[in-house]
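**Q** Before I ask anything, here is the structure I am working with.
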Amino acid sequence: MESLQIYLIWSVYGVAIAILIAVASTFICAYQTPRDRSPSVTLICIISITVLLATVLLLPVDIALVSSITSSALGRRKSWATQAEVDKITFSLTIVYYSLYTVDALLCLIGIPFTYFWYEEYDEVAAEAGQQTAGQRFWAAFKYTLFFVAILIVLFLVGFFIPTSRNLAGHDSDFLRRLFTEDRGQHALTFSVGILTTLGLSLYIIYTSSGLARLPVLLMKTAPSFSSPSLIASTAMQLDSNRERQRQLDGRCGGDTALLSSKDRRELDSLVREERTLTRRQRLAEGAQEERRSWPIKVYHKMEAVLHPFKLLAGFVLLLAALFLWTSLCVTAIDKLMNSPCKHRCGYILERVNIFNPVNWVLIQSSRVFPVDYVIFTLIVLFLFCSSVVGIAAFGIRFLWIQIFSIRKGRTSPQALLLLTSMLMLITLALNYSVAVILAPQYATFGPQTFCDMPPVSSGPQPDCSRARNLIKSCSEKAENIGANGLCTPSVASTLLNQMTSNFPFFGAVFFWAQFIFLGLYLLVLVVSVTRSPRLDEHQLDEDAEEAEEERLLARTGRRINTA
């Protein structure tokens, strides 16, 4: 029976990975530009996003497996759950976790950079002329990637030799003591993942918090369309005004711009550039309006009008869900701040949950019927992931407040797609910590596990609470009953994350206080998004018009070449 249960749990995880592959593939194909696609870029992006999300979504499997050894109704271990079987389950989970974390680090620091340089090194003219071979391209990309290989090696070496914190005097317990029992290889990997998570937290704070606030509002508030009659009329008026001013300046100089003052010449040059922009904008808007008259577009807009109330409802539901998540994050953060026994010395670990956490309670109750908790947990993770994408799309990829790439559906370049994937990988690592340690700490540690709060009998049977159900209590990090320490099995994920924050208190302090910045920034962006009406991005519209004009010129040139 136990083998069948374990097999079913892993089967659900396999189905989840298949869904993740479909989600990642759809996401990448939807955002990449059709005219500049690279198979290597597409493949590495899909693999990276799938592996990262698979790492996060392993947590419910972890909870289900460690919880399967006990009966939550009786607070005792099942007959087959010997210590050897328990060790076998936790060891297999540990292997899977460390394998996934290793692949995550390799993809983030080596796989994506190499693919970026591999794409940049491609010279279409040289390749067609036979002057650039695959080996030359590989070596050129590898030389640039060596810098990231060096970073990875340095991280592992520092993590291998750096000492761990032992400053827990007066706060020792079996649970905390177990956090320090790891070998140096695990120590190095934990440190490396901690560094990447720290980098991801800065992105998580900026992009995920803003996206979490903006996503529901975007569904409830729709920006005006660039093909609307009012915009076309406004553009036509601006164009007429522009040309009238140009005629005035031409009349002033009789067609000879050399007779104009320097101020008037600058104004005329500016008017000419503005005229080109307005002409492209008008042509794009009129083309879009013409497309609206075709029957497929008419059907699409009618369906959009019919589904508009459901879109509003979805936005309202997502807003409630976001506030629900925000409340749970805030509650646990305050609980840890007030009740953690060792504070920053162990990463603000809680011995038990002291304040009611709604998300934590929902996940614990649903975990009694697997895979209900898996579905809820997956929806939460995908919601936060999509919020991160919305946040990045809103701000773009920036360096020192300078936008390098824009992220838009169907118009994202391969370079931007690789940078987007690396940012999402770092954000997902930070999300992994926030969900497991802050959003649902009790669920992520022990799940629905319980124990019978009776004094254990030495070398005798387990305590029986079948006639005293009031003595069946939920497992926690520190239970007063001695027998609970041997009965309650923490999840492997919580052990690894708590090892990270306990062995390296710097990580614990940064991870914890970053949550308050996240919560504050979410409220700020939410207030701004709700109070401000959506506007049409004219800069983005002008970029679309310029790209459309380039595509027309390329298509026209291609037809001339084919005709010749």
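Going from the start of the chain as shown, residues are counted 1 onward.
Using the three backbone atoms N, Cα and C, a Cβ is placed for every residue, glycine included.
Below are the features I grabbed from Swiss-Prot:
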TRANSMEM  8-28  transmembrane segment
TRANSMEM  41-61  transmembrane segment
TRANSMEM  94-114  transmembrane segment
TRANSMEM  144-164  transmembrane segment
TRANSMEM  188-208  transmembrane segment
TRANSMEM  312-332  transmembrane segment
TRANSMEM  375-395  transmembrane segment
TRANSMEM  418-438  transmembrane segment
TRANSMEM  506-526  transmembrane segment
**Q** Which residues of the chain, 6 or more past the ends of the transmembrane segment (8-28), have a CB below 8 A from one of its CBs?
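**A** Beyond its ends, the transmembrane segment (8-28) has Cβ neighbours at 42, 45-46, 49-50, 53-54, 57-58, 61, 64-65, 68, 370-371, 374, 378, 382, 389, 417.
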**Q** Using a cut-off of under 8 Å between C-beta atoms, tell me which stretch among 41-61, 188-208, 375-395, 506-526 contacts the transmembrane segment (94-114) the most.
**A** 41-61
**Q** Most CB pairs under 8 Å with the transmembrane segment (312-332): which of 144-164, 188-208, 418-438, 506-526?
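**A** Comparing 144-164, 188-208, 418-438, 506-526: 506-526 has the most Cβ pairs near the transmembrane segment (312-332).
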**Q** Could you give the residue numbers and ranges of same-chain residues that sit at least 6 residues beyond the transmembrane segment (506-526) on either side and whose C-beta is under 8 angstroms from one of its C-beta atoms?
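**A** Same-chain contacts beyond the flanks: 194, 197-198, 201, 204-206, 208-210, 212-214, 217, 322, 326, 329-330, 333, 336-337, 344, 346-348, 430, 433-434, 437-438, 500.
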**Q** Considering pairs 6 or more residues apart, do the transmembrane segment (188-208) and the transmembrane segment (41-61) have at least three CB pairs under 8 Å?
**A** no
**Q** Taking a Cβ cut-off under 8 Å, which residues six or more beyond the ends of the transmembrane segment (418-438) line up next to it in the same chain?
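**A** Result: 31, 41, 44-45, 48-49, 52-53, 55-56, 59, 104, 107-108, 112, 115-116, 119, 193, 196-197, 199-201, 203-204, 207-208, 329, 332-333, 336, 377, 380-381, 384-385, 388-389, 392, 397, 404-405, 407, 412, 444, 493-494, 497-498, 501, 511, 514-515, 518.
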